[in-house]
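Taken straight from Swiss-Prot:
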type: ACT_SITE; residues: Cys60; note: active site, cysteine sulfenic acid (-SOH) intermediate
type: DISULFID; residues: Cys60-Cys93; note: disulfide bond
type: DOMAIN; residues: 18-163; note: domain 'Thioredoxin'
Amino acid sequence: MTQITFKNNPIKLSGSEVNEGDIAPNFTVLDNSLNQITLDDYKNKKKLISVIPSIDTGVCDSQTRKFNEEASAEDGVVLTISVDLPFAQKRWCASSGLDNVITLSDHKDLSFGRNYGLVMDELRLLARSVFVLNENNKVVYKEIVSEGTNYPDFEAALKAYRNI
């Protein structure tokens, strides 16, 4: 079980750990229109999965913007996953000024968080993290940010994404 800190408080993450070299497990989340989405919906595309605790915080907002601005022109897809309600994600997307933002909600049953070992049970939030998957869903990059209020290593994640 991985342990991080969130606002300097120790938090254990629950769920199944996923590592570089693994085939990423499938998951079910909701899009902004309450449609069920799975990893299989992005078959044969490289993926940058940006995981945030909540879209309504400054760090999460910045992380979502940065990855979408830097990686959306690449031949692949950038997915931002949080436990925010789809309605909150839809509101954020409408006000963000960004095109092509894909936000997905793991609020319903934490399928993504549990399958990737990212659930902060005490807070019912997901740990800030980044996964890069190739077209065959092999994990080629993984970062779980050790302090949940800090930024991920944007450059390392983007380099891994671009090098697929």
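Numbers run from 1 along the shown chain.
Each Cβ is built from the backbone N, Cα and C atoms, and glycine gets one as well.
Helix, strand and coil counts from DSSP across the domain 'Thioredoxin' (18-163) read 44 helix, 41 strand, 61 coil. With the fewest other Cβ atoms inside 10 Å of its Cβ, the least crowded of the recorded positions Cys60, Cys93 in this structure is Cys93. Of the recorded residues, the residue listed as 'active site, cysteine sulfenic acid (-SOH) intermediate' and Cys93 (disulfide bond) place their C-alpha atoms 13 Å from one another.
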